[in-house]
Amino acid sequence: MNWAYWMACLAGAVVLAVQALEQFRKRGDNTAFERFTILRGVEITSLCTFGERLRGALFYIISYLVIYVFLLASEMGLELFLSLTGERAGPTGARFLDDESLVVDGIDFGKPFYLAAIITVVMATGVLAPLERVIRDIAHRAANIPNGVFKIAEELDQFFEADQSGLKPSRQERRLLLDEFEQKFPRGKNWEATVDLTELHTALTQIDVLHSAVIGIGRYRLFSTATSGPLSALHSELKLAHEKVRSDLSALDTSDAEAQARFHQTAAELSDNMKAIFAVQFIRNGRSLAALPLKPLTSRDKMFSELNGKLRKHHEKNTDALVGATLICAVGTFLFSALVILAYHWVNPGDWPYRFTRSLIVESVQLALTMTLLCCAVGYFSLMIREIRTEQGSWVKWALRKPPLWRLIITSILPSFVAMLFVGLLLLLIDFAFGNLRTSTQMRDFLTANWRYILFFWPLGMCASVGVLIATDQHLRLPAKKTVLWTLTCILPLALIALTCVLVAVPNNTGSEGWMSFLWTVRETLYHVVPITIFLLGYAGLLEFWEDEEDNRKASESVRAVSRKWPARSRSRKWSVWARGRLWPVWARSRKWPARSRGRK
């Protein structure tokens with residue numbers, strides 16, 4: 001072991017960690033902080049505690065250190081199974097430094113610094129901006145940094161626009177601004193401004209409803225993190241703004257249209273700021289409202305229970321469907337592998353008990369663990385990225401006639417890459433558990449035999465990720481059968497990739513030829529296709545199974561809207577209408593007046 005080389009690697013890691021920390025402090029492009037005046041100029045990391053920032057920064061730094069170690073280990077692995085002896089030249093024979101000023105005893109001490117500099121340049125120049133942005137967003141989520149203010153505020157708008165007349169707070173529950181406004185302007189009387197009175201009424205309602213949860217005493221009950229230091233300044237500023245709106249309303253002249261317009265603008269701004277701070281507290285509180293009674297008695301508690309359920313509904317359903325699909329994938333993959341092994345040993349009886357038992361346990365469990373880990377990791381990170389982009393307002397709804405293929409493919413790259421690393425680590429641990437990784441020669445054999453096979457899990461995971469995203473985005477817009485069918489459209493590229501993987505990366509050690517070789521290829525291909533298909537079927541099916549009446553109503557309205565927008569114009573339908581109009585009278589007459597026999601005439 002060369003300690004000088006390891007110190008050079010450590011120095012390169014320190015340089016990379018410093019640059020990664022600077023990148024972590026950057027604000028995302030879709031944080032929507034500029035929309036709310038109270039959050040303009042606020043550093044997002046200042047809204048969190050030191051422990052939360054440290055957790056997110058460590059995750060971000062470790063992500064880049066993993067890339068750094070992977071690139072360092074790539075040449076070490078190359079040396080391991082090619083038995084290089086100090087040669088640093090590439091295929092062309094060119095060297096990075098001709099004078100070998102940093103090469104001592106065949107060891108290139110400059111390589112760690114080169115790699116750290118390359119990664120730093122890539123981060124700073126934005127060459128891989130989408131990938132870097134996704135990693136930073138995940139790190140911000142780990143740090144509980146409230147980047148998703150936009151989506152929560154949008155959900156609040158939709159919640160108040162819906163018919164919630166039975167859930168609004170009563171007069172005994174402090175409708176301060178709304179009551180005073182209705183007393184001064186009953187049913188819009190004496191309102192001279194040209195602005196929309198309905199918008200002002202909605203803004204005042206939102207202020208009264210969110211008052212207790214944002215700046216009132218209710219925030220200590222609903223949000224356990226509301227009393228933290230970083231939010232105290234924002235609470236004080238919002239409280240002063242609320243007092244100003246109350247004083248402006250008290251002094252508002254019923255005949256001054258300009259003053260009424262200014263009051264409308266001030267109230268709308270306060271409403272937006274209250275929704276922003278509510279969203280910040282909601283995200284930092286684990287994206288939920290705490291201390292809600294199981295059976296709410298007051299109308300305000302009922303409203304907050306309904307609001308909490310609406311904000312968490314889709315996240316909980318997606319998570320439950322992912323967990324259920326993972327279990328279904330594990331059980332289904334094990335049963336499928338066991339069935340194939342049982343059929344093989346039934347056709348080819350030999351050393352039946354020992355071979356069957358060992359193959360059933362080892363091969364079935366290994367396949368179930370590998371494919372289940374791939375599907376679970378891909379689904380989890382795909383849903384996380386989708387949820388982050390949805391909260392930031394950058395995940396736009398789409399229809400099947402115009403699928404965003406580029407967005408789906410880009411989103412699936414990172415989850416499938418991480419899942420590939422997990423699968424490679426699992427295969428490494430399995431070989432280590434069976435005692436196959438004890439020497440450098442065994443490690444060389446493992447890398448030589450499995451690196452192509454492990455690499456193919458990347459495109460396999462991308463197919464599973466795209467299927468998960470399609471099911472998640474379209475299950476509210478489509479009926480259950482169409483959701484499942486469109487989710488399974490990923491099977492065709494999945495089958496092609498799996499077949500290529502078998503032909504390129506899986507050696508046929510059975511010695512079979514002809515028809516038997518073909519059957520072996522089909523079997524190995526199905527080993528990679530069937531588990532992902534089971535996972536996608538389970539995920540899409542569970543999403544449809546757990547849809548409530550409101551979701552089914554939205555799906556029906558979406559289908560009716562699409563049918564009205566795209567009417568059927570096929571020739572067969574025209575022919576059926578024409579034939580019905582032409583032939584129906586003849587058929588009806590024949591039924592009403594049956595033909596009489598000639599003899600009776």
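Cβ coordinates are placed from backbone N, Cα and C, and glycine is handled just like the others.
Sequence-distant contacts of the transmembrane segment (57-74) (same chain, at least 6 residues past either end, Cβ-Cβ under 8 Å): 9, 12-13, 16-17, 20-21, 23-24, 111-112, 115-116, 119, 123, 135-136, 138-139, 142-143, 421. Sequence annotations record features per position, and here TrEMBL assigns transmembrane segment to 57-74 (among others).
What TrEMBL records for 113-131 (among others) is transmembrane segment. If one looks beyond the transmembrane segment (113-131) by at least 6 residues along the same chain, the residues whose Cβ comes under 8 Å of a Cβ in the stretch are 8, 11-13, 15-16, 19-20, 23, 64, 67-68, 71-72, 96, 410, 413-414.
The transmembrane segment annotation in TrEMBL covers 321-347 (among others). When Cβ-Cβ distances below 8 Å are used as the criterion, the transmembrane segment (321-347) is approached by residues 355-356, 359-360, 363-365, 367-369, 371-372, 375-376, 379-380, 383, 468, 523, 526-527, 530-532, 534-539, 542-543, 546 of the same chain, each at least six residues removed from its ends.
For 367-385 (among others), the entry in TrEMBL reads transmembrane segment. Nonlocal intrachain contacts for the transmembrane segment (367-385), taken as residues 6+ away from its ends with a CB within less than 8 angstroms of a stretch CB, comprise 134, 137-138, 141, 318-319, 322, 325-326, 329-331, 333-334, 337, 411-412, 414-416, 418-420, 422-423, 426-427, 430, 457, 460-461, 464-465, 468-469, 472, 527-528, 531-532, 535, 539.
TrEMBL lists 405-430 (among others) with the feature transmembrane segment.
What TrEMBL lists as transmembrane segment is 450-472 (among others). Long-range contacts of the transmembrane segment (450-472) within its own chain (CB-CB distance under 8 A, at least 6 residues past either end) are made by residues 318, 322, 374-375, 377-379, 382-383, 386, 403, 408-409, 411-413, 415-417, 419-420, 423-424, 427, 483, 486-491, 493-494, 497-498, 500-501, 504-506, 528, 532, 535-536, 539-540, 543.
The transmembrane segment annotation in TrEMBL covers 484-506 (among others).
The transmembrane segment feature in TrEMBL is assigned to 526-546 (among others).
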